[in-house]
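For reference, the structure is listed below as structure tokens.
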Amino acid sequence: MEHRLFRTVSMVWVGSLLTLGLVAAPVLFSMLDPASAGSVAAQLFQIEAIIGVISALVLILIANRFVKSGIVDYKRVRPIVAMMLVCVLIGYFALQPFMNSLRVAAQEAGTDLASSPYAREFGILHGISSAIYVIECLLGLALVWRLPGAAPTKIVPKGKSAKVAAKRARS
């Protein structure tokens with residue numbers, strides 16, 4: 001059951017990442033004016049960041065439990081999940097506040113962001129944020145690719161306890 005939960009949470013997270021980045025955001029910017037599209041996209045990326053943090057924590061907890069019980073298939077996906085979490089934390093919780101403050105400053109100055117004095121700095125931060133998002137998506141694809149099969153095998157040698165096998169798996 002927990003194996004299915006792990007796969008389901010992984011698929012929801014990676015699916016939402018790809019849907020937002022490859023479908024929703026481009027459609028927004030093709031259908032709406034840049035200011036409106038940016039506001040809606042910012043809200044969607046906030047939701048995605050929350051999904052990412054919750055998913056990462058759940059996946060790490062489940063993977064740790066499996067590795068401790070001797071199922072080493074999950075040892076190889078933990079670093080991927082951890083790197084995806086770092087991407088979320090940097091991309092949304094470190095860069096987005098600066099980007100949002102530049103957007104607000106342009107609005108308070110009574111101009112759109114593209115023609116404001118903040119446009120260059122916003123563009124640089126947006127480029128960095130986009131690169132981090134692409135890295136997170138690629139890591140997500142790697143996570144899905146490396147997910148354990150339907151019935152991961154427990155590595156417990158004959159006559160040994162799961163605790164001993166788990167110690168060996170962690171080393």
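Using N, Cα and C of the backbone, Cβ positions are placed for all residues, glycine too.
Just so you know, TrEMBL annotations are computer predictions that nobody has curated.
The average pLDDT the prediction assigns to the domain 'TMEM205-like' (12-106) is 94. The feature domain 'TMEM205-like' is assigned by TrEMBL to 12-106.
Sequence annotations record features per position, and here TrEMBL assigns transmembrane segment to 12-32 (among others). Beyond its flanks by at least six residues, the transmembrane segment (12-32) meets 40-41, 44-45, 48, 51-52, 55-56, 59, 84, 133-134, 136-137, 140-141, 143-144 of its own chain at Cβ-Cβ distances under 8 Å.
Annotation source TrEMBL lists transmembrane segment at 44-67 (among others).
For the transmembrane segment (79-95), the residues of the chain that approach it from at least six positions outside its boundaries are 13, 45-46, 48-49, 52-53, 56-57, 59-60, 63, 125, 128-129, 132-133, 135-136, 139-140, 142-143, 146, judged by C-beta separation under 8 angstroms. Residues or ranges marked as transmembrane segment in TrEMBL: 79-95 (among others).
Residues or ranges marked as transmembrane segment in TrEMBL: 124-145 (among others). Away from its own ends, the transmembrane segment (124-145) comes close to residues 10-11, 13-14, 17-18, 21, 52, 77, 80-81, 83-84, 87-88, 90-91, 95-96, 98-99, 102 of its chain (Cβ-Cβ under 8 Å, at least six residues beyond either end).
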DSSP-assigned states of the domain 'TMEM205-like' (12-106) in counts, ordered helix, strand, coil: 87 helix, 0 strand, 8 coil
